[in-house]
Structures are given as C-alpha cells and as structure tokens.
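Written out below as structure tokens is the structure these notes cover.
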Protein chains: 2
Amino acid sequence: MIKIYSSLDEIKSFFEILKKRGGEDNHEALKSVEAILANVKEKGDEALLKYTKDFDGVELQNLKVTEEEVEEAMNLVAPELISVINKAISNIRKYHEKQVRNSWMMTEENGIVMGQKVMALEKVGVYVPGGSAAYPSSVLMNVIPAKIAGVSKICMVTPPQKNGKVNPDILAAAKLAGVDEIYKIGGAQAVAALSFGTETVPKVDKIVGPGNIYVALAKKLCYGTVDIDMIAGPSEILVISDEKSDPSFLAADLMSQAEHDRLASSVLITTSAELAAKVKEQLAIQVEKLERKDIIVDSLQRYGGILLVSSIDEAIELSNEIAPEHLELMVEKPFDILGKIKHAGSIFLGSYCPEPLGDYMAGPNHVLPTTGTARFYSPLSVDDYVKKSSFLYYPKAALAEVKDDVITFTKHEGLTAHGNSVKVRFDNE
Amino acid sequence: MIKIYSSLDEIKSFFEILKKRGGEDNHEALKSVEAILANVKEKGDEALLKYTKDFDGVELQNLKVTEEEVEEAMNLVAPELISVINKAISNIRKYHEKQVRNSWMMTEENGIVMGQKVMALEKVGVYVPGGSAAYPSSVLMNVIPAKIAGVSKICMVTPPQKNGKVNPDILAAAKLAGVDEIYKIGGAQAVAALSFGTETVPKVDKIVGPGNIYVALAKKLCYGTVDIDMIAGPSEILVISDEKSDPSFLAADLMSQAEHDRLASSVLITTSAELAAKVKEQLAIQVEKLERKDIIVDSLQRYGGILLVSSIDEAIELSNEIAPEHLELMVEKPFDILGKIKHAGSIFLGSYCPEPLGDYMAGPNHVLPTTGTARFYSPLSVDDYVKKSSFLYYPKAALAEVKDDVITFTKHEGLTAHGNSVKVRFDNE
C-alpha cells in the first residue's frame with residue numbers, strides 16, 4: 001500500500017504529485033460562496049437561519065448557544081475527557097505564555113522617543129467544524145493563544161447537529177478554554193456572519209480555525225475585511241530516519257497522519273533499504289487493527305511514500321524542499337540536525353516524540369502550515385492575536401536637526417506638501 | 001474645501017462615507033488579472049515580455065537590470081539624495097533592529113525540551129511602482145526590515161520607463177538598501193512572475209510593496225501560493241488636537257496626506273471651534289503654494305473633515321472607531337493619552353512630529369495598515385520576513401507519563417491511529 005522510491009528521478013516525480021495535492025479547481029464552489037457572503041451581508045440573521053435549515057437540516061429559533069446548553073454539555077461529557085482537556089490546557093498555556101511580547105521603546109539623548117506598542121485584537125472568531133468527528137483539541141489550540149494574548153471577546157461558530165444542538169465535547173472544550181460566545185452556524189455563512197456582523201453575531205477582527213472548502217474559500221474572500229489565520233490545505237507528515245529506528249514506530253506514525261484524510265500525505269525518508277522493507281511489513285500488520293483502515297490505505301497509496309537516500313543530509317535537503325507541516329527526526333542524535341531544518345511547521349525530535357503527542361498534550365500548537373507553506377507561514381501563536389502600532393515623539397530641537405534632510409527627500413519625491421509640513425513649523429523663526 | 005462637522009449624527013454619516021472609500025467593484029479588473037496570472041504561469045518570460053510591450057510600451061531584450069545599469073544610475077542621482085538616503089537607512093535600521101526576535105526553548109526536569117525556532121524567509125519579492133513619481137523611500141521601508149531579518153535573496157520588480165530603463169532614484173535606493181536582483185516588470189504580471197517563477201525570475205516566498213489595483217488584486221489571488229504583506233487601501237491621517245495647537249501646523253499636516261491621492265482622507269478632531277475655523281483659513285492660504293493643489297483640494301472635499309467634539313476622550317473614541325493609518329496626537333501631553341489608543345498604524349506625538357518625518361527619516365516603517373485595518377494589521381516589520389517552527393523533544397520516560405492521557409484524548413476524537421502511535425512504543429514492555 002505504500003511505494004518505495006530509490007532513484008532521485010522517481011523521488012522528483014513523486015514530489016510533483018505531492019505538489020498538486022488538494023489543488024483542484026474550485027470555480028463552482030467559489031460562485032456559491034460569493035452568493036452566500038452577499039446574502040448574509042444583506043439579510044443578516046434571516047439568511048443565517050435559512051442556510052442552517054438548508055445545509056444543516058435544522059430549523060433553529062436561536063443561533064446563540066445558551067448558558068444552560070453549555071452546562072448540560074458539561075454534564076454529558078466523560079469525566080476522563082474533562083480531565084485530559086484540563087491537563088492539555090495547562091501544557092498549551094505554559095508553552096504559549098513564552099510567546100508573549102512586550103511593547104518596547106527606545107530613547108535618544110536629544111529627546112527622541114520611539115517604539116512599538118503591542119496590543120491584543122479585540123474580537124476574534126473561531127470556526128470549529130461539525131460533521132462526524134468532533135475535535136475538542138482544535139478548540140483548545142485556537143482559543144488558548146487568543147486568551148493569552150488578551151483578546152476581549154472570542155466568538156466560536158460551529159454547525160449544529162440535526163437535533164439542533166452542538167456536540168457536547170466541543171462545548172466543554174470551549175467552556176474550559178474560555179470562549180465568550182458560541183453560535184450554531186457553520187460553513188461560508190458563519191465566516192460571512194463574523195466578517196460583516198449580523199443582528200446576533202458580532203463583526204470580529206480576525207477569523208481562525210479549520211473548515212471544509214466552502215469555509216476556506218469564504219475566509220480567503222473575506223481576507224482584508226477581516227484578518228484570517230492562514231490558507232490551509234491537506235495535512236502531511238515527513239519522517240527522517242536512520243537505520244536504527246524501530247520500524248513499528250515509523251509505521252504507526254505514518255498511519256497516524258494518513259487516517260486524517262484521503263488527501264493526507266505520509267512520507268518516510270531513510271538511509272536504510274532494510275528498514276524501508278520492515279516499515280512496509282509493519283504498515284500491513286498494524287493497519288488491520290485500526291478503525292480508519294480504508295482512509296489510511298487510500299491515503300498511503302495516493303500520497304504516501306518511502307524514499308531511499310544515501311545520507312541523512314540528502315534526506316534533510318529533500319525535507320527542506322517539501323517544507324512539511326509535521327517533521328519527525330527519528331535519528332540517533334536529533335538535536336545535531338535541528339539547525340539544518342529550514343522549513344517545517346512543527347519538528348518532533350527522537351524516537352519517543354510521535355506527532356500525536358504534539359496534537360494533544362505537549363504544548364506547541366497543532367495549527368500548522370500545510371502543503372509547503374511552512375516556507376512562509378508559522379504555527380498558530382500568540383502573535384496571531386496581537387497587532388502593533390509604532391509611535392514616535394520628537395521635541396522641536398530634534399526636528400530642527402533633520403528638517404533639511406526631510407525636505408530634500410520630499411523634493412526628490414515630488415511631494416511638496418510633505419515638505420511643507422516640516423517647513424511650516426519653522427516659518428516664524 | 002473642508003467641512004466642519006459638529007453633531008454626532010453628522011460625524012457618523014461622514015464615517016459611513018469614509019468606510020466606503022476605495023471599495024469600488026473590481027469585477028472587470030479581476031478577470032484581467034486572472035488571465036494575466038494564468039498566462040505568466042504557462043508561458044513565463046515570453047508572457048512577461050509581451051505584457052511589458054503592451055502595458056509599459058517598451059520592447060525589452062532583458063528583464064533583469066544589469067550591474068552596469070545600477071552603476072549608471074548611481075552616477076545620475078543627486079549627491080544630496082544619496083546623502084539623505086544613507087541617513088534614512090541608518091535610522092530605519094536602528095529602529096528595526098529592535099524588532100529582531102530570538103529562537104527560544106524551555107526545558108523540564110524530566111528531560112522535555114520544546115521551543116520555537118525563528119528563521120528568515122529565503123526569498124522575498126518587493127514591488128516598487130513606476131509611473132510619474134518615484135518613491136525611493138518606499139524601497140528603503142520594504143527592503144531594510146528584510147535585510148535585518150536575514151532574507152537571503154531580495155528581488156525587486158518595477159515597471160520600466162518608456163526608454164526601457166528604471167528610474168535612477170529607485171535603482172540607487174535599491175543598491176544602497178541591499179537589493180540582490182532587480183527586474184523590469186510591473187503590474188499583475190510582476191506578481192505572477194514572483195509567485196510562480198519563470199525562466200528569469202525566481203519564485204519567492206513572499207511579495208511585499210504597494211501597487212495599483214491590478215497589483216493589489218494579483219497579490220490577493222496569489223495569497224496562499226506565496227505570502228503577501230497586507231491588503232492596502234487608500235491612505236489616511238487623523239489628527240487629534242486640543243485648543244493649543246498651531247493651526248498652520250494642523251493645516252500643513254492634513255494637506256501632506258491629501259496630496260497623495262484623490263481617495264486619501266485627512267481628518268482633524270478637535271475640542272475647539274475657534275481652532276477649527278483657523279485651520280480652514282490656513283488650508284486656503286497654504287494650498288496656494290503647493291504643487292499638487294488640485295489633488296489636495298479634491299481629496300479634502302471628498303474625504304476631509306474637521307470634527308468638533310466636547311472632550312479629548314471623545315476624540316480618542318472616534319479615532320479608535322476609525323483605526324487610522326497615521327494618527328497625530330497634537331495635545332499638550334501626548335504621552336498621557338497614548339495608552340488609550342487602541343487602533344492605529346503609526347502614532348505621532350506632539351507638535352513637532354509631523355507624519356512626513358516618519359515617512360522618510362525617523363526610523364519606524366511607513367508601510368502601514370489603511371482604511372480601518374489597523375484593527376488587525378500591523379506596520380511592516382522584521383516579523384514579516386521571518387517564519388517560525390515549533391520543536392519538541394520527549395525522552396521515553398516523559399512520554400510514558402502522558403501516554404494514557406494522549407490515548408484517552410484520541411479515543412474521544414475517534415482517531416485510533418493517533419492513539420496507536422503512542423501505544424506501539426510501549427507494546428513490548
């Protein structure tokens with residue numbers, strides 16, 4: 001179910017397949033999304049209720065989740081889940097608190113003061129997908145950095161189930177993480193509501209969180225009206241291994257990614273042909289006991305691969321070309337090569353650091369750049385929930401020192417009113 | 001040429017006009033841009049040369065600016081401009097160096113190591129507009145933070161003049177700021193070239209810099225393939241003044257913004273009706289000597305305003321509603337109110353800190369969020385030229401401590417292969 005590639009030509013052709021992953025034409029979906037955005041902008045709640053009836057199959061009276069519904073959910077959730085959510089919250093907080101940045105200023109002896117003021121965003125919208133699986137971990141990862149940044153109002157949107165309720169695990173995670181308001185809205189209409197505001201839903205400054213293609217397109221179209229987190233594609237893992245790793249660990253890690261999605265990509269790069277063969281065996285053995293076997297097999301066949309290379313340096317070079325979302329360094333001395341990794345969302349070091357550890361419990365964020373965008377995007381962080389203002393103060397004497405330089409510059413750019421604003425301050429001297 | 005608004009109703013109607021500024025329908029432009037992107041993606045340099053002939057009216061042999069052309073430009077530029085460019089570079093560097101962030105890590109006693117690796121982007125494209133006016137200051141503001149971040153390759157694109165050359169002031173600024181490669185390409189085709197790469201132009205990781213509507217739309221459409229700086233609209237200034245400011249300073253500052261563009265907005269909020277009347281007089285007097293009088297008058301009539309309020313706190317509240325790109329605090333004790341400013345791109349404190357000082361010489365960046373996007377965007381900074389990776393290391397014993405928690409979490413999310421990747425590591429114990 002997974003191919004082994006041993007020549008560079010084969011590897012390069014495989015990379016071409018990976019690059020096209022998830023890049024299908026969305027022309028029709030885009031037209032639907034444009035119509036939904038326009039309709040919500042014009043009709044507000046009325047449009048939201050209609051789309052919820054049409055798409056989610058439920059007629060709601062109220063879009064907003066009540067305190068009672070949240071309390072009810074807290075009672076329905078397994079106590080063991082509440083307990084691990086609380087442990088995860090504590091670890092995620094500890095890590096993200098290190099990301100907090102202070103405002104700063106610098107002064108000069110002639111009285112100049114300048115600096116940068118760091119402030120939390122006021123209102124943030126968090127999209128949480130509905131559907132068959134509920135991911136409370138995703139609620140934590142999107143909400144906790146916003147809380148640490150100091151966002152005043154966090155509004156969660158999530159599609160209702162057929163019974164008109166929200167999955168209780170999701171509500172419990174929202175409550176424990178500190179979400180302020182929850183709305184039963186999904187799809188492009190939820191993104192529209194948060195971007196433009198309606199009678200019930202507040203307009204926010206930024207929208208984060210994963211969603212289907214309609215949600216992703218709506219976020220892209222609303223970008224600029226609000227900020228968004230990033231443009232996300234299908235997920236991937238890349239594992240670099242020397243000959244010493246345990247093949248059963250490697251197989252398990254590849255499949256943990258593959259079970260997400262038929263478009264997910266799981267790639268192992270190794271220096272050992274013997275190991276490659278053993279991993280293949282392990283995949284066949286382990287997959288039998290896994291619930292999402294069909295998805296795993298399909299994903300590994302389409303976008304999985306074991307690449308044989310002659311050195312760990314060559315493996316790193318290929319990894320930097322892929323710029324993977326998740327990168328596991330399963331080599332004897334993983335810290336030795338950390339400095340060579342140029343592009344990766346999250347890096348997992350050593351044999352006892354499987355990616356799912358980072359998905360849930362360890363602390364770093366699991367919202368990561370996908371499909372090669374780790375070249376320029378970063379893991380979701382406290383930085384995503386703040387914005388900065390620069391500030392500048394000059395006393396008169398300090399402006400006098402530079403006034404001629406500013407005027408010279410404005411003259412060469414043909415902006416005389418710019419020069420005039422400096423000049424006028426010394427006209428009566 | 002500027003209206004005075006004294007009731008809150010009038011002010012709110014004026015704000016509605018401001019909010020619609022620059023929001024015209026770009027449906028036709030969007031279609032052209034889509035075609036240009038597709039064509040450059042398919043045909044590369046051939047398409048670039050054809051568009052340059054059609055749009056810029058010049059048949060080029062080479063898209064890349066040579067070393068000789070740069071040297072020639074350095075000889076053509078006025079020495080006084082070289083001198084102020086060098087002074088500006090020094091100030092801009094000093095400010096932006098304070099923004100540099102270190103990678104960090106945290107350790108725990110049980111051997112856990114985790115942290116965040118901060119790395120410069122590899123390749124960045126800087127768009128520099130051509131047309132009537134050349135803005136070397138814009139080159140500095142976009143390039144210097146990239147240099148400080150450590151970007152390996154900075155590629156500048158700018159449309160050629162009719163004679164096939166690039167404005168020498170632009171080339172000199174690029175040379176002095178440290179641009180690595182310069183290409184004579186403008187418009188949406190330049191953004192396409194940098195996003196997809198061609199035979200001559202390298203594919204970059206991020207595109208920054210201002211441009212016309214075609215450039216802006218191309219950047220928006222390519223967002224996700226590459227990163228972009230921000231979605232920029234027309235420029236604005238807001239000045240808050242008590243009764244003590246000099247009306248001639250205020251008038252000059254409003255006009256320095258108004259001269260940019262007929263869509264620019266210049267707004268004064270003051271507690272003094274007497275001052276408002278004097279500013280109006282000063283505008284009429286000063287505008288007569290300014291070269292761009294027509295644009296100034298038009299801009300002030302359309303999007304200029306003097307708002308009379310009863311207190312500085314009320315002025316701040318209105319300012320926070322506008323979230324201006326440039327905010328001048330022309331009050332006696334400007335630092336007293338800095339803490340109340342929630343949304344602004346760049347804040348100028350006191351009577352001797354006119355906005356053009358920040359445009360050229362002081363140090364903070366002049367690439368700022370416009371049309372209310374200061375609610376969520378920040379000034380261009382070193383942060384825009386880095387990306388982060390998180391990293392995580394767990395020894396076996398540390399994983400053993402949390403393994404049951406991770407497995408519990410995966411079970412509730414229905415992801416058994418996730419749980420398996422932890423479980424398999426302890427199967428033979």
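Glycine is no exception: its Cβ is also placed from the backbone N, Cα and C atoms.
Marked as active site, proton acceptor by TrEMBL: A:GLU325, A:HIS326. Residues annotated as NAD(+) binding site in TrEMBL: A:TYR127, A:GLN189, A:ASN212. Per TrEMBL, the feature substrate binding site maps to A:SER235, A:GLN257, A:HIS260, A:HIS326, A:ASP359, A:GLU413, A:HIS418. Annotation source TrEMBL lists Zn(2+) binding site at A:GLN257, A:HIS260, A:ASP359, A:HIS418.
Taking only the Cα positions, the spacing between A:GLN189 (NAD(+) binding site) and A:SER235 (substrate binding site) is 25 angstrom. When Cβ atoms from all protein chains are considered, those within 10 Å of A:ASN212 (NAD(+) binding site) total 14, not counting its own. When the Cα of A:GLU325 (active site, proton acceptor) is compared against those of the binding-site residues A:ASN212, A:SER235, A:GLN257, A:HIS260, A:GLU413, the shortest separation belongs to A:SER235. The two recorded residues, A:TYR127 (NAD(+) binding site) and A:SER235 (substrate binding site), show a Cα separation of 18 Å. A:GLN257 (substrate binding site) and A:ASN212 (NAD(+) binding site) are 18 Å apart (CA-CA, integer value).
A strand conformation is recorded for A:TYR127 (NAD(+) binding site) in the three-state DSSP classification.
When the C-beta distance to chain B is held to under 8 angstroms, the recorded positions A:TYR127, A:ASN212, A:GLU325, A:HIS326, A:ASP359, A:HIS418 reduce to A:ASP359, A:HIS418, listed in sequence order. A C-beta separation below 8 Å, combined with a sequence spacing of at least six in one chain, links A:HIS326 (active site, proton acceptor) to A:SER235, A:GLU236, A:ILE237, A:LEU238, A:GLN257, A:ALA344, A:GLY345, A:SER346, A:PHE348, A:GLU355, A:GLY358, A:LEU368. Mapped onto three states, the DSSP output places A:GLN257 (substrate binding site) in helix. Counting other Cβ atoms within 10 Å of each Cβ, the lowest count among the binding-site residues A:GLN189, A:SER235, A:GLN257 belongs to A:SER235.
Sequence-distant contacts of A:HIS418 (substrate binding site), defined by Cβ-Cβ distance under 8 angstroms and a gap of at least six in the same chain, are A:VAL406, A:THR410. A C-beta separation below 8 Å, combined with a sequence spacing of at least six in one chain, links A:GLU413 (substrate binding site) to none of the other residues. Neighbouring residues of the recorded NAD(+) site, listed in sequence order and excluding A:TYR127, A:GLN189, A:ASN212, comprise A:PRO129, A:VAL157, A:PRO159, A:ILE185, A:GLY186, A:GLY187, A:ALA188, A:ALA190, A:VAL191, A:GLY211, A:TYR214, A:VAL215, A:ALA218 (Cβ within 8 Å of the Cβ centroid).
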